[in-house]
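Participant: Have a look at this one before I ask anything.
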Ligand code: GLV
Ligand code: MN
Ligand code: MN
Ligand code: MN
């Protein structure tokens, strides 16, 4: 193709969509979603397909010691730090076809498009896949980008275990993605992540591009309540140490804490009950708490309310409790120049856009510790995500991918 200016570059919407649908076959669920949990055989299949596609596009592949994958398209000057994009291929147990995957395959589509146009960039371009973004199988979320960003040590990353006791290190070796490249320690000129919004704002306002300013603060807790297993028929109500009742009151507490700190949010998403038998008063309950707020001071107040509420509820019910904060990800603010590059790319492409703060966590948040970062959101239907029915329009995904390409090319030009 002839005129090699950024304005003339257009990604291939059908190819992007077909790749998304092809990847979605790996771990496809009956309701049209995806279950491709981190470091399972299905995750390996997804990774293998991505690597194959990148090699076909002429990229070289590097895998680091956390299993993060980098596919590189050379620039004219390969001594320059690369402009990098990417996201994750792992999903929630009842995940959709777009969360994470879009950001990975949008990156690949940028490279395929630059190849079509024989468009050279000065700096190299890379597409990355980050291990265990979701935090569903292994907590916390975004462990591997966190190691890359210097927030966690490699030992901590490798040692995190799932509910069956299998660790990230073991599972990386088992599926053949324990690479030998060091994790991090090399500069990126810039990092961009394209993602579906996973919320309702863009759709409600008829905007096609969200110019992401940063991510709200997130804290994760693990709570173990210990009462006493006892007979459900013979134990009078005033002699019980019912861990489940304490858990129920704490679920309500989490909800109230969020409502008292709006726009904060609070969720209990995982619970295990022991012995989980219908005629035994539960003696042990384990559950998780996810608290988020755009302002760190407010998030600290939410944590204090959780501490105080737990003490009160468990004291009243004669139940012991152990409450651990296992993850603190303070609010993140992206790089002004990267934010501007995204806004400019959207404006030049004539796409209605607005500034937006991410409610969800993203690998880009930890990369922002070591590189200038920007993010691009596109709408998803009714804002539904972490659900098999998650959906997005091919033309919106293509628009997001075009903005990604323009922003990347501008920084790598
Ligand atoms: C990751 O998906 C999160 O925001 O919890
Ligand atoms: Mn995601
Ligand atoms: Mn997700
Ligand atoms: Mn996420």
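Keep in mind that glycine also has a Cβ here, set from the backbone N, Cα and C atoms.
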Participant: Of the candidates 99, 180, 206, which one does TrEMBL list alongside 88, 195 as binding Zn(2+) 1?
Facilitator: 99
Participant: Based on TrEMBL, name the residue from 126, 134, 410 that is recorded for the same Zn(2+) 2 site as 99, 386.
Facilitator: 134
Participant: Mind checking how the domain 'Peptidase M20 dimerisation' (214-308) divides into helix, strand and coil residues in DSSP?
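Facilitator: Counting residues by DSSP class gives 34 helix, 33 strand, 28 coil.
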Participant: Tell me which binding-site residues (99, 134, 386) have a Cβ under 6 A from ligand 2; sequence order is fine.
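Facilitator: With ligand 2 as the reference and 6 Å as the Cβ limit, the list reads 99.
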Participant: Which one of the binding-site residues (99, 134) has its C-beta surrounded by the most other C-beta atoms within 10 angstroms?
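Facilitator: Of the binding-site residues 99, 134, the highest Cβ count within 10 Å belongs to 99.
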Participant: Sort out the sequence-distant neighbours of residue 386 (Zn(2+) 2 binding site) for me: same chain, 6+ apart, CB within less than 8 Å of its CB, listed by position.
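Facilitator: The list for residue 386 (Zn(2+) 2 binding site) reads 92, 94, 95, 96, 99, 198, given in order along the sequence.
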Participant: Relative to ligand 3, which of the binding-site residues 88, 99, 134, 195 have a Cβ found under 6 Å from one of its atoms?
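Facilitator: Close enough to ligand 3 are 99, 134.
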Participant: Cα-Cα, whole number of Å: residue 88 (Zn(2+) 1 binding site) versus residue 134 (Zn(2+) 2 binding site)?
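Facilitator: It is 8 Å, counting Cα to Cα.
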